[in-house]
Amino acid sequence: MTSTINKPLDGEGSVQVKQDPKVNIEEGALVIAVYGKGGIGKSTTSSNLSAAFSKLGKKVLQIGCDPKHDSTFTLTHKMVPTVIDILEEVDFHSEELRPTDFMFEGFNGVMCVESGGPPAGTGCGGYVTGQTVKLLKEHHLLEDTDVVIFDVLGDVVCGGFAAPLQHANYCLIVTANDFDSIFAMNRIVSAIQAKAKNYKVRLGGVVANRSKDTDQIDKFNNRTGLKTMAHFKDVDAIRRSRLKKCTIFEMEPTEDVVEVQNEYLSLAKNMLDNVEPLEGTPLKDREIFDLLGFD
């Protein structure tokens with residue numbers, strides 16, 4: 001006896017992650033999803049980029065999509081409650097919530113939301129992200145927003161954590177100049193290209209982080225058609241800003257700090273200028289293995 005399993009269309013295969021067409025972020029807002037290997041500095045990058053957009057006069061919303069809910073603490077200077085925790089308190093009757101229950105104002109007016117997630121080993125993080133966007137729309141909190149940044153958990157590219165790609169205009173990939181980070185970046189490129197067939201998301205570019213040099217990133221970019229949009233060296237002030245629970249824009253303006261601030265402002269300006277989307281071509285695993293490293 002044989003049976004045939006049909007390949008599900010994008011967004012199908014899980015009731016939890018199929019996007020409700022009514023839960024779209026309004027046209028006009030610049031929506032960016034930030035991905036990268038776990039621990040590479042996505043939250044630091046997202047928060048400082050949000051701060052940079054706000055410095056340019058934009059109304060910014062940052063949505064943390066990690067159960068650790070630590071995406072926005074450098075903006076708010078505290079750990080804020082998550083959407084999933086707040087919804088549980090009202091037995092998921094969202095009509096009982098006020099915006100101040102789950103949205104918090106951070107540095108320079110950046111609005112912050114932590115979607116949170118289900119307990120480890122249960123549920124779907126993508127479902128939580130979808131519910132967060134739905135809640136924001138129900139309360140009309142996206143209507144006057146210029147920029148939305150999704151800070152996404154690790155390099156997981158399953159249907160659930162690929163959910164922010166369904167809302168985004170661009171994806172930025174944060175990487176270091178090492179094999180593991182670039183290997184993860186390649187998987188993310190594959191996921192974005194798959195989503196781009198049915199959604200508006202496109203590759204915006206690469207953010208080189210915690211790296212003095214970019215030679216390995218450059219090799220990968222040259223082979224795949226990607227482009228480095230910003231380069232943040234391993235500056236100790238960035239590490240200290242996390243310990244101080246603040247953005248790089250709140251640090252003492254030393255030469256290193258000002259250089260980092262200007263790089264974030266430049267990245268924000270470039271993204272606002274309708275950056276040319278990239279048509280990246282992911283490599284096979286063996287190709288990356290052979291490409292990277294030294295002769």
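Using the three backbone atoms N, Cα and C, a Cβ is placed for every residue, glycine included.
According to Swiss-Prot, the features are:
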BINDING   Gly39, Ile40, Gly41, Lys42, Ser43, Thr44, Lys68, Asn209, Arg210  ATP binding site
BINDING   Ser43  Mg(2+) binding site
BINDING   Cys124, Cys158  [4Fe-4S] cluster binding site
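DSSP assigns Arg210 (ATP binding site) to coil in the three-state reduction, outside any helix or strand. Long-range neighbours of Ser43 (ATP binding site) (same chain, six or more residues apart, CB within less than 8 Å of its CB): Gly64, Asp66, Asp70, Ser71, Thr72, Thr74, Asp151. Among the residues the record lists as binding ATP, namely Gly39, Ile40, Gly41, Lys42, Ser43, Thr44, Lys68, Asn209, Arg210, the two farthest apart have Cα atoms separated by 22 Å. In the structure shown, across all protein chains, Gly41 is the one of the binding-site residues Gly39, Gly41 with the greatest number of other Cβ atoms within 10 Å.
Taking each Cβ in turn and tallying the other Cβ atoms within 10 Å, the top scorer among the binding-site residues Lys68, Arg210 is Arg210.
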